[in-house]
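See structure below.
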Amino acid sequence: MTRADQPTVTYAIIALCVFLWILEILPVVGNLVIGGLAYVPAYTLPGFGAGFEPWRMLTSVFLHSTSVFFVIPFHLALNMYTLWIFGMALERMLGRGRYLALFLLSGFAGSVGVLLLAGPLTTVIGASGAIFGLMGAYLVILRHLGGQASQLLVLVGLNLVIGFLPGMNVAWQAHVGGLVAGALIGLVFTKTRQRAQRRTQNLLVGLIGAGLVAITAGAYLLA
């Protein structure tokens, strides 16, 4: 693998998530990090006295639960492993810029899902929404290329079902939001593959981002 082929963005996202997790487990600092970066829909809704802080819809993507299972930070480890698998493949397929846009927009869409479908005081952290977006995009691209997608479809379905099980404490709303956005962006990428279509591709992806912003603004204005 040449240096140009290295999944640099995937490495950077994993490094950032691990770095922030280390900060989260530190006394005092951890409370400041979680309190300053986690997303609660009340930060994007009026009437809760929390202030309007929409950037949390993205910053929360890079935080993870500090709970450990047999000394393993399960939430962080599972998300980073899944990101590693799908991130490496998609970053090579799409290139760094488009891959980063896919990740960030899917994470944003996950927070929009929480805004629309969860309670206003629900605290959400984690890259799961963004990762579901990667899986959704990969599924669409794989199907478009004629690949066998049945195993991936089962994997995505199982993960969605787990999010709905009682007592799991999983933000299924973020999973749904990220999956829908990722699949839609993946569809845009498959339909605008030619170099001559790059401007159209950028416009369509930009419109998806603008749509997410509009939904967030609409939720605030209509609350």
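Note: Cβ is positioned from N, Cα and C throughout, glycine not excepted.
Remember, TrEMBL labels are computer predictions, not curated facts.
Pulled from TrEMBL, these are the features on record:
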type	residues	note
TRANSMEM	12-41	transmembrane segment
DOMAIN	53-190	domain 'Peptidase S54 rhomboid'
TRANSMEM	61-87	transmembrane segment
TRANSMEM	99-118	transmembrane segment
TRANSMEM	124-142	transmembrane segment
TRANSMEM	149-166	transmembrane segment
TRANSMEM	172-190	transmembrane segment
TRANSMEM	202-222	transmembrane segment
Cβ-based contact of the transmembrane segment (172-190) with the transmembrane segment (61-87), 3 or more pairs under 8 Å: no
Residues in the domain 'Peptidase S54 rhomboid' (53-190) grouped by DSSP into helix, strand and remaining coil: 101 helix, 3 strand, 34 coil
Confidence summary for the domain 'Peptidase S54 rhomboid' (53-190), mean pLDDT rounded: 88
